[in-house]
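Engineer: I'd like to ask you about the structure that follows.
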Amino acid sequence: MARRQWSSSGGVAFAAVLAVMSVLCSGHPVPGGHGGGGGFTPLQPRFYEHSCPQMQAIVGGIVAKAHAEDPRMAASLLRMHFHDCFVQGCDASVLLDADGSGRFSTEKRSNPNKDSLRGFEVIDEIKAALEHACPHVVSCADIVAVAARDSVVLTGGPGWEVPMGRRDSLTASLSGSNNLIPAPNDSLPTIISKFANQGLDVVDLVALSGGHTIGDSRCVSFRQRLYGQNNNGQVDRTLNPAYAAELRGRCPRSGGDQNLFALDPATQFRFDNQYYHNILAMNGLLSSDEILLTRGRQTMELVHRFAADQGFFFEQFAKSMVKMGNISPLTGQAGEIRKNCRRVNHF
């Protein structure tokens, strides 16, 4: 495989990933050893220690290069892991294209993913490099999980040991992607229920929502907050009027659906706890962000705690990411190790 020249910023970013990995691979116990279904999952951080010892270095290098070339990529890879795990578990089903046989429809065409989920070419590049180094060993599901962790580290967030040993699914679920992933206009009880269905509690919900400290959202995802649910021109009363006026400048009543807005305009490309400060100032971009403050006592208290203590947020975010990564993985002889992340092996 041809080696591409790294930019200097990519080399620095990769060095940061390697520094964190040296700490993470110290053999400490991994929290959250049970998946969403409650059964034990034999995932472990050193799964590839002998079969592909360079696995994490290869993933980290390519993620760092992608991040240096496109600072939005970190948020995209983090979001990809989330959208994968909430549908059929963390099994790389989100990466599959349609198989041509009609057995399943790709999740890439679902409402949460269409025209917004990105980063597939980065996963492809990682997979190609790993197939060259360790043929038919590393799963696409594990690549997605490690890439998400490295993306958080590269943007200044916490690191964590990624338990590995997932295998790849043979199917995808378009209906699951449409119905199981929390939507920006869902009510708080609906979002809590969708998290609970995956074995994730309210603390996990508020902590993982903090991933919105990086990344963007499309105008179509929050337009109703600017013009009313019935397009009556009324601004959502939980949205700062000055912020709403600013947003209206590039998110009109009609058109501009794909216009992008930073979820955290204050520190758009830095992983920190500014997201929670934004919510407290009524500057949460999505309805699903602001309702954490306005619709539930427990979620409100967590917003205040995470805003007051970034270290506490980082610690809980890492724990919740490990817990999410343990949702119903395929292990043992289940599923397969794909040679190409976009299709199952027999196609």
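Glycine too: its Cβ is placed from the backbone N, Cα and C atoms.
TrEMBL lists these features:
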SIGNAL    1-27  signal peptide
DOMAIN    42-345  domain 'Plant heme peroxidase family profile'
DISULFID  Cys52-Cys134  disulfide bond
SITE      Arg79  site 'Transition state stabilizer'
ACT_SITE  His83  active site, proton acceptor
BINDING   Asp84, Val87, Gly89, Asp91, Ser93, Glu107  Ca(2+) 1 binding site
DISULFID  Cys85-Cys90  disulfide bond
DISULFID  Cys140-Cys341  disulfide bond
BINDING   Pro182  substrate binding site
BINDING   His212  heme b binding site
BINDING   Thr213, Asp264, Thr267, Asp272  Ca(2+) 2 binding site
DISULFID  Cys219-Cys251  disulfide bond
Engineer: In whole Å, how far is Thr213 (Ca(2+) 2 binding site) from Cys251 (disulfide bond) when you measure between their Cα atoms?
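Structural biologist: Here the two Cα atoms are 21 Å apart.
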Engineer: Radius 10 Å, atoms counted are CB only; among the recorded positions Cys52, Val87, Cys140, which position scores highest?
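Structural biologist: Most Cβ neighbours within 10 Å: Cys140.
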Engineer: Using C-alpha atoms only, work out the spacing between Asp272 (Ca(2+) 2 binding site) and the residue listed as 'heme b binding site' and round it to an integer in Å.
Structural biologist: 10
Engineer: Beyond Thr213, Asp264, Thr267, Asp272, what residues of that chain have CB atoms within 8 A of the centre of the Ca(2+) 2 site's CB atoms?
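Structural biologist: Near the Ca(2+) 2 site, the remaining chain residues are Ile214, Ala266, Gln268, Arg270, Phe271, Asn273, Gln274, Tyr275.
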Engineer: Specify all same-chain residues, apart from the site residues Asp84, Val87, Gly89, Asp91, Ser93, Glu107, whose Cβ lies within 8 angstroms of the center of the Cβ atoms of the Ca(2+) 1 site, ordered by sequence.
Structural biologist: His83, Cys85, Phe86, Gln88, Cys90, Ala92, Val94, Ser169, Ala172, Ser173, Gly176, Ser177
Engineer: When a 10 Å sphere is centred on the Cβ of Ser93 (Ca(2+) 1 binding site), how many other Cβ atoms does it contain?
Structural biologist: 27
Engineer: Out of Cys90, Cys134, which of the disulfide-bonded residues has the smallest number of neighbouring Cβ atoms within 10 Å?
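Structural biologist: Cys134, out of the disulfide-bonded residues Cys90, Cys134, has the fewest neighbouring Cβ atoms within 10 Å.
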Engineer: To see if you understand the setup: which same-chain residues, six or more apart in sequence, place their Cβ under 8 Å from that of His83 (active site, proton acceptor)?
Structural biologist: Val94, Glu107, Pro112, Asn113, Leu117, Ser177, Ile181
Engineer: Rounded to an integer, what is the Cα-Cα distance in Å between Val87 (Ca(2+) 1 binding site) and Cys140 (disulfide bond)?
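Structural biologist: Per the Cα atoms, Val87 (Ca(2+) 1 binding site) and Cys140 (disulfide bond) stand 15 Å apart.
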Engineer: Cβ neighbours within 10 Å, counted over all protein chains: which one of the binding-site residues Asp84, Asp91, Asp264, Asp272 has the most?
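Structural biologist: Answer by Cβ density within 10 Å: Asp84.
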